[in-house]
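Participant: Sharing a structure, written as structure tokens. Questions coming.
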Amino acid sequence: MASILTLDGLYAEVPKFLPEALREGCAGKKPLSFYIQQILNLMGCDGNEYHVLFTSSSEEANTHMIMAVVRRHLLRTQQRPHVIIGAAEPPSVTECVKALAQEKRCVYTIIPLKNFEIDPVAVYDAIQSNTCLACISGTNAVVKTFNKLQEISKVLGAIPLHSEMSDVVYQGCIKQHPPADSFSLNSLYGFLGVGVLGIKKKAMQGLGPLIFGGGLRGGSPNVPGIHAMYKTLTQQRPSIKKINTVHKLFMKILKKHQHVYLPIEGMSSNGMPSNGMPSSGIPVEGPKSLPGYILFSVGRSAEELQKKIFTKFNVKVGRIVNLQEVLFRIKIPQKYWETLLFIQLREDLTKEDIKRVMAILMYLDTVTPRGSLPPPSYSSSFS
């Protein structure tokens with residue numbers, strides 16, 4: 001899957017089957033109920049059955065769900081709650097459950113993969129009298145095979161099943177593999193975007209006060225949902241010094257990993273055309289002004305992506321470089337490609353944008369060219 005993502009968070013090119021508003025990133029321009037209904041339509045869920053809660057990411061959504069269910073169980077009984085998780089769950093699920101277990105707030109069972117998927121029979125065999133939640137994603141994080149969520153939900157009975165569904169949605173398979181009791185999504189409405197936690201109302205009983213305090217349905221300054229994210233992205237501006245730091249580190253990484261660096265004639269940091277920037281793919285040390293854009297294009301649709309980007313931003317086209325083979329050669333996992341696809345070096349980068357980019361670049365600076373990326377992190381040297 002190829003994506004074009006701008007770091008101002010206001011535009012995104014993602015799979016065509018997604019609704020127009022999700023593709024164009026119109027965050028904050030309509031009432032919150034509009035976006036809630038969009039998510040329900042995207043997932044094929046009935047608005048009378050599901051609550052939709054916007055979060056900063058699917059990682060936050062997963063953590064909220066796990067923490068809330070465990071706490072609800074502890075409020076109801078003295079027995080330590082038991083959580084079932086799949087062997088190929090995302091780190092946000094496994095690390096949260098393991099941390100709770102270390103605090104002696106729960107116990108857990110890991111279901112191994114059988115024929116590259118989670119076997120419903122194995123889930124049934126793992127059920128205990130104190131089982132309060134099962135976390136089985138729509139796809140397995142390692143091999144990207146689909147799990148039979150509806151069958152797993154049936155064997156669980158009244159025990160809620162929480163599923164990370166981002167890969168299922170982005171592969172266009174949500175109709176064939178719908179969620180069960182609750183689901184999480186990531187990176188909607190732009191580069192940083194927002195996450196979603198969807199919960200069936202029958203599973204929501206007693207969870208509302210444990211999620212966002214009162215079970216809020218949208219975002220707030222402390223819970224960056226649609227409107228809060230939009231406000232943050234449009235108001236925060238980093239200094240040009242930080243942008244230059246990112247650029248220098250980017251150049252260093254590109255040379256080390258033998259990527260093709262593409263300075264494209266466009267807008268410099270002061271908003272004027274960046275004269276003197278070469279149109280070749282040869283790295284240049286110490287440019288007089290920042291390039292308007294650095295573009296990485298993955299897959300077959302480079303020309304289409306080129307047209308969309310430069311029509312949108314009125315930037316003169318230089319040359320598009322397809323780096324699919326390069327990405328394979330240095331073994332960057334596909335799920336991190338979008339982080340590297342499109343980096344816009346202009347004054348409208350936000351602090352969070354820079355932190356995300358810097359976390360990736362600083363890691364790449366410490367590994368050999370055959371290394372792979374860690375999970376995205378927002379920690380960096382920038383405060």
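Just so it is clear, glycine is given a Cβ too, placed from its N, Cα and C backbone atoms.
What Swiss-Prot lists as pyridoxal 5'-phosphate binding site is S58, E59, S184, L185, N186.
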Participant: By a simple count, how many Cβ atoms lie within 10 Å of the Cβ of S58 (pyridoxal 5'-phosphate binding site), its own Cβ left out?
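Facilitator: Result for S58 (pyridoxal 5'-phosphate binding site): 25 neighbouring Cβ atoms inside 10 Å.
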Participant: Taking the centroid of the Cβ atoms of S58, E59, S184, L185, N186 (pyridoxal 5'-phosphate site), which other same-chain residues have Cβ within 8 Å of it?
Facilitator: T55, S57, E60, A61, N62, S92, E164, S166, S187, G195, V196, L197
Participant: How many other Cβ atoms sit within 10 Å of the Cβ of E59 (pyridoxal 5'-phosphate binding site)?
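Facilitator: Taking all protein chains shown, E59 (pyridoxal 5'-phosphate binding site) has 21 Cβ neighbours within 10 Å.
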Participant: Per DSSP, E59 (pyridoxal 5'-phosphate binding site) is which: helix, strand or coil?
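Facilitator: DSSP assigns E59 (pyridoxal 5'-phosphate binding site) to helix.
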Participant: What are the non-local neighbours of S184 (pyridoxal 5'-phosphate binding site), defined as same-chain residues 6+ apart in sequence with CB under 8 A from its CB?
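Facilitator: Result: S58, A61, N62, M65, H162, S163, E164, M165, S166, G195, V196, L197, G198.
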Participant: Near L185 (pyridoxal 5'-phosphate binding site), which residues of its own chain have a C-beta under 8 A away, given they sit six or more steps off in sequence?
Facilitator: I39, S58, A61, M165, S166, V169, G195, V196, G198
Participant: Other than its own, how many Cβ atoms are within 10 Å of the Cβ belonging to N186 (pyridoxal 5'-phosphate binding site)?
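Facilitator: N186 (pyridoxal 5'-phosphate binding site): 25 neighbouring Cβ atoms within 10 Å.
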